[in-house]
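Take a look at the structure below.
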């Protein structure tokens, strides 16, 4: 019997097939392409007798099949460009020369340089696969990009992309709502917000018009209005293309917008596992020791539940904290009117330029800013290790919690 690694990539499975001279139509290995060769990335460089050679890793072949090929045989300009760019990046960082002369008048890269180039190539492939996975799983039209020009960190190993709450056993995030509004013109008639005793949250330009702290009631799946209803904003998902990028100041991953975002626009939801506050307290002790902050209390009406985005979440998992944020938290009710379980939506507080990082205040609790002074009043069971803030804002409080 044959055994392969769980969740092995397509390329890994192809390597195993070619190594054992096996055909497998389901993963694209047939008689026609069993011996096909395509450059996956370039590993090393040398000059022998005036001819430049590159060590080639062939796509779908094990590294034991790597071969040295003269540059004239390579028809992969982008990979050559990546190789040279990675080499120059490494050399500029460590301030070394362009090449090292060894015996027999052969020019070759230092092993450390070649090792960095291979790691960078593998990282580039891994991030590309991750980007493709994220875009397969998302349920909105806008794109998700991934970028790391800072270090060799690859995709997070224990993170799973989801589009909506993942309730823990025994928690029901859908309360079985069976009625909706009968409006034909939602802003002008007695729509869902008015039924709940609040005003419509959006203006005619579909921008937020209510103050922080007030809830948003959107039309639900039983309402007569169609998908173009101006009271259906959060449920459609983020309308902006976003980029998960590696920060250069020790804050790990962050998120930046690739499009201009106007003031009071919906940007994204904060989703994750919905757990009890007791479980959140247990996990919080562990996260604090690791220096992580992913817990968001659902305390609009009570303090029974918390959203944990540590392992399960969407792009919001990677949004960093700032004491001077450009996103504001609002509680949203759509197909679940249970006040203990609002959906969490992030709206822009000002115009955000394309390329600017998105941030929100981790101390926002249902849009109410919990200052460090008020945090001192928490019970002993709520007090945890304080995490130093690196947001760099002029008004920085010094700590995330």
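Note that Cβ sites are derived from N, Cα and C of the backbone, with glycine treated the same way.
Predicted, not measured: the structure shown is a model, and the values here were computed from it.
Annotated in TrEMBL:
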- 37-95: domain 'Chromo' (DOMAIN)
- 179-237: domain 'Pre-SET' (DOMAIN)
- 181, 183, 186, 191: Zn(2+) 1 binding site (BINDING)
- 181, 192, 219, 223: Zn(2+) 2 binding site (BINDING)
- 186, 219, 225, 229: Zn(2+) 3 binding site (BINDING)
- 240-363: domain 'SET' (DOMAIN)
- 251, 252, 253, 320, 321, 362, 390: S-adenosyl-L-methionine binding site (BINDING)
- 323, 389, 391, 396: Zn(2+) 4 binding site (BINDING)
- 385-401: domain 'Post-SET' (DOMAIN)
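Here the domain 'Post-SET' (385-401) has, by DSSP, the following mix of helix, strand and coil residues: 0 helix, 2 strand, 15 coil. Under 8 Å, Cβ to Cβ, and six or more positions away along its own chain, residue 389 (Zn(2+) 4 binding site) finds 321, 323, 396, 397, 398, 399, 400.
Residues of the same chain lying 6 or more positions beyond the ends of the domain 'Post-SET' (385-401) and with a Cβ under 8 Å from any Cβ of it are 249-251, 288-289, 291, 293, 320-324, 359, 362-363, 371-372, 375. Shown in sequence order, 247, 254, 319, 359, 391 are the same-chain residues outside 251, 252, 253, 320, 321, 362, 390 whose Cβ sits within 8 Å of the Cβ centre of the S-adenosyl-L-methionine site. Compute the center of the Cβ atoms of 323, 389, 391, 396, which mark the site for Zn(2+) 4; besides them, the chain residues with Cβ within 8 Å of that center are 321, 322, 324, 390, 392, 393, 395, 397, 398, 400. Each of 182, 185, 187, 189, 190, 192, 219, 223, 224, 225, 229, 231 belongs to the same chain as 181, 183, 186, 191, is absent from that list, and has a C-beta within 8 angstroms of the C-beta centroid marking the Zn(2+) 1 site. Put simply, 251 is the one of the binding-site residues 219, 251, 362 whose Cα lies nearest to the Cα of residue 391 (Zn(2+) 4 binding site). Residues near residue 223 (Zn(2+) 2 binding site) in space but far in sequence (CB under 8 A, at least 6 apart, same chain), listed by position: 180, 181, 183, 192, 229. Listed in sequence order, 320, 390 are the same-chain residues at least 6 apart in sequence whose CB falls under 8 Å from the CB of residue 251 (S-adenosyl-L-methionine binding site).
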